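Participant: Right, I'll just put the structure down here and ask away after.
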Amino acid sequence: MAQETSRDVGPVVLLGPPGAGKGTQAKRIMERYDIPQVSTGDLLRENAAQGTNLGLAAKAIMARGELVPDDVVCGMVRERLSRPDCKRGYILDGFPRTAAQAGWLDALLDDKLFDNSRPTRAWPIVICLDVDYNQLLLRLTGRRSCPTCGRIYNVHFQPPRVDELCDLDGTKLVTRNDDRLEVIQPRLTAYQEQTRPVAEYYQRTGRLITVNGDRPMDEITAEVYRILEDHHA
Ligand code: AMP
């Protein structure tokens, strides 16, 4: 689909359980509107791979499928959102994940990190991808990604043309460390217990838009684009 890079999209929050397709949709939004994807999971994994103090502290927690402490994640997000590429908007993928993070984000946006004088308002558009539990399990156990270009595949639904190799650059695909069955359950529990209240918080404040994520990716993407564009019509 064509790019729409003249729009100031503002902050977009993608909510939903692990495996709901947040990363895939975030990449598509990023390409269409030319705004960055800010994935706290990706930032934490990068830190872990680089061996920073933050990354080393987060690595063990992530391997258990638990949530990294709020202050660590919020500090990382603050730094990322202050960069110039976030001026026209950004997509938060995997953040906020606790009620405390959601409150922190509201305070940050109130604080005009995102420039309120512009026509786009600072409240995030919050889109929650809703996916059936059994479908989530298939998506998480089948997920593979390309370590070179970041493209995401699924061995059940969207396999690469050649087994285990990226269609775009031929790199061997990898499975995320926390997509192992024994870590998936604690991640889904963390979602139910800590992130569901975030969706309820946005629901109460009238900002939650729920999208049925149990459909083909392109259909979901078309609906997400419509939501974003209706908001700015
Ligand atoms: P994700 O890639 O979004 O599934 O995140 C992978 C892991 O990173 C999670 O299971 C958590 O351990 C950690 N993580 C990512 N985002 C957050 C967040 N907003 N708050 C706390 N932990 C997070």
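Yeah, the Cβs are placed from backbone N, Cα and C, and that goes for glycine too.
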Participant: Among ARG32, ARG83, ARG176, indicate the single residue that TrEMBL lists for the AMP site containing THR40, ARG45, GLU66, LEU67, VAL68, GLY94, PHE95, PRO96, ARG97, GLN101, ARG187.
Facilitator: ARG176
Participant: Write down the one residue from ARG215, ARG226 that TrEMBL lists together with GLY19, ALA20, GLY21, LYS22, GLY23, THR24, ARG143, ILE152, TYR153 as binding ATP.
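Facilitator: So, going by the record in TrEMBL, that would be ARG215.
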Participant: Which residues of the chain, 6 or more past the ends of the domain 'Adenylate kinase active site lid' (143-178), have a CB below 8 A from one of its CBs?
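Facilitator: Beyond its ends, the domain 'Adenylate kinase active site lid' (143-178) has Cβ neighbours at 19, 23-24, 27, 62-63, 65, 184, 187, 217.
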Participant: Which residues of the chain, 6 or more past the ends of the region 'NMP' (39-68), have a CB below 8 A from one of its CBs?
Facilitator: 22-23, 26, 76-77, 80, 92-95, 97-98, 177-178, 183-187, 189-190, 194
